[in-house]
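Over in TrEMBL, the protein carries these features:
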REPEAT    49-81  repeat 'ANK'
REPEAT    82-114  repeat 'ANK'
REPEAT    115-147  repeat 'ANK'
REPEAT    148-180  repeat 'ANK'
REPEAT    416-448  repeat 'ANK'
REPEAT    449-481  repeat 'ANK'
REPEAT    482-514  repeat 'ANK'
REPEAT    515-547  repeat 'ANK'
REPEAT    548-580  repeat 'ANK'
REPEAT    646-678  repeat 'ANK'
REPEAT    758-790  repeat 'ANK'
REPEAT    843-875  repeat 'ANK'
Amino acid sequence: MTLRVNNSVSVLDNTSEYRPLNIPIQNGHTDIVKLLYDMNSNFDICNMNEVTALYIASYFGYSSIVSALLEKNPNVDLCSKNGCSPLFKASQCGHTDTVKLLLERNPSVDLCDINGFSPLLIASQNGFTDIVRLLLEYNSNVELRNIDGNSPILLASQYGHTGIVKLLLERNSSVDICDINGYSPLLSACQNGFSDIVSPLLLASQYEHTDKVRSKSEMNPIVGFSLLPPLRASLKDRRMQFRVEWNPCFDLFRINGLRSLLEISQNSHNDIVRLLIERIPPIGQCFKNGCSPLLVASYTGNTNIVSEVTVREKPSVNLSNPDGLSALLESNEKGHTDIVRLLLKRNSKVELFAINGLKSLLAACDYGFTDVAKLLVEVKPNVDLWNMYGASLLILASQNGHIDIKNPNIDLCTSDGTSPLLLASQNGHIDIVRLLLERKPNVNICSADGRSPLLIASQNGFVDIVRILLERSPDVNLCNNKGCSPLLLASHNGNVDIVMLLLERNPNVDQCDNNGTSSLLIASQNGHIDIVRLLLEKNSNVDLCTFNGLSPLLVASQEGHIDIVKLLLERKPNVDLCESNGGYSSLLRACEFGFTDIVNLLLKRKPNVDICNIHGISPLMLASQNGHIDIVAVRENPNVNICSSDGCSPLNMASQNGFVDIVRILLERSPDVNLCNNKGCFPLLLASHNGNVDISSFIASQNGFVDIVRILLERSPDVNLCNNEGFTALISSCLINKLSIVQLLIKFQPNINAQTYDGGNALYHSAFKGNVEITQLLLENNANCNIRIHSKQSITETISNHPNLTLDKVKQILFDSLVKQGASNIKDYFTRKSVAYAFDVVAGSSPLHIACFIGWNDVVSCLLDHHANINLTKKMAPHHYFMHVK
């Protein structure tokens, strides 16, 4: 297309007038910027956010545009409201060439944004080495910190930018300055495992006197150790009191070095460990809060650190924090056998109590760490020790399968009522169960939650344990606190052998849990046909329902278990039983999920074919909605016009989802083709499924189902009908960019200039989508090329009276559509904008406006050829006058 420029128009003026030809000028195109340069435009004019053209060009790295703008001698230090200068933005985004151009103009290299970030600081954080080198050549301040106390070298160390760290060290950057949380460059590098950075930082560290250390510690308290949860409690309320207790010559390097080792004790950065240990003696001791690298490494299983410490220093392995947690206790509790072995070489006293009363040996038994227990048992422990939960070594042995505990008390239970027999039955330790049963325990003793040994063994599928327990004549109907019996749990899990064993003891086969679920129902639901057959042989009630009205037949039909459905139907159940929550019958569920064979089986029992759920949805509608053509084709003469509570008919749903063959079958039964739902939706029209402008459910026109549209048009529907938002079939087909549907609808002479609630029309949507063929077709049929979207005020007033829409929803929808529609540069640009910006773009726009904004050249040319008004103006926010991504 030909570009026509009005010499009186300034792209960067302070007015809010917006014309279609302004848009290409504001998109960062070098040629247009040079044209404006020749017209002596003022490039220092700011918008309401104090952003200049130079700022925008620097932000996006348009070096050619920056060069052209700099020839006009703009103010290179002019900042945005956030304090960001052009040099800052170029440094932040890594535009090296742009930084070079700006530095040649001698800007203030240490100008900071409102958060205290300088160009050097942000470039160091983002890893732009070449930019850091350039800024250092212009003597940028290497010690300048942001409001959080972060210096360039700290951020470079934190993010692993080795080259930048070396550049900053060459400028004598301080390595001991900490941020407000007490993190130094060394600590940050250690925590993240950057050994290449740790080494030069250690070489650059300088020793200082203790008094200086204490002074700096007060300014930068050592806090935020990021220790594991079990150790954090000991840090609570003590963080501001941390002081080092060792050598009076202890210095800041030592503090940071020890903190670094403490942090990486949780990780596996062994190369860094060696670097630190070589320079920081001793390390086995603790802070006042009791935390040490040895304790943390023992807890996390870092054998290398423990080995280094024990070989080098011989620390006390029983040294504990205020909660009584020692390195030895932490390591054996977690089952770190190699670490326990290393620690025991230094100290064999293992019966050290933690505050909670848990001993090392008891902890090993409790957690089942056999290898650790063998190491500890050499000190001849007392088998009668109890842990804090009242568990003896016998109970722990029963739980973990150890049968060599002598002289046990088989009647001892934990504080929650768990007996040794229950634990052994739960964990499948059949040899222990046999040993315990020889002592004639109470086989019906239950835990606090009502679990008996028989119940837990039945649940876990231990057939042999169930068999030997049944020999002791337990109560087979004994239930847990949820009302579950052994038979129900075995039926749930499909354990046929266990069910057979239990049925031999004549249990109550209709016993239900607290929700009314029977064994037959749960077996039917889970598809366990052999168990269903066994239960039916015991005359289980086929119509026994849960409290929600679920019957065995309904759940079997819902899950598609046809063989189970056959078995149940032989017992002549009530086929029209419905669940109480949703009102679904067996037939409804089978139709919903497309189980044709089950539907045919149920129809032989003469169910009510027009029975509906609580939403008024019939079996025919469910089948039509989900595309189950074989079910729809069944000749049972259902009511084809029966509608759900929201007014949707079977034809409506089939059209919406594009099921052409189902639409044909339904039309053979002469339905009402203009039947609308509660939102004005009918088969030819798009639907507003959830009351959103962004229509989430599309009927034939919206989904582009050409065959369905053609079939429906043969029935002479009203092509100008619209839904509650004003969408006609023509508008919706333009919205989804379907030329073939538009061509079909045009033949029926629809209202081509019809508008939706917000002023949207067929031509606007075709221009928005960039479809020049649809645009041309509409214009040839006398579409008004200057018709516009309603103003912001008009849309706002309309939405204020809408029952479902809100202004925020509309703005979000417009924003999402612009992001989705545009080319990659438009998408990238819009993702950085607000939803209000999208509202400003669309409101009051004509087809020419929106085509120019997005950049559809062919559509713009087509509109101009049909005499679109090029001077049609609209109000927009000032920030529309700046360049965005090319």
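The backbone N, Cα and C atoms fix where each Cβ goes, glycine too.
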DSSP-derived helix, strand and coil totals, residue by residue, for the repeat 'ANK' (548-580): 16 helix, 1 strand, 16 coil
Positions on the same chain near the repeat 'ANK' (115-147), where near means CB under 8 A and six or more residues out: 83, 85, 87-88, 90-92, 94, 96, 99-100, 103, 109, 153, 155-156, 159, 161, 163-164, 167-168, 171-174, 177, 179
Counts by DSSP class (helix H/G/I, strand E/B, coil) across the repeat 'ANK' (646-678): 16 helix, 0 strand, 17 coil
Average model confidence [pLDDT] within the repeat 'ANK' (148-180): 91
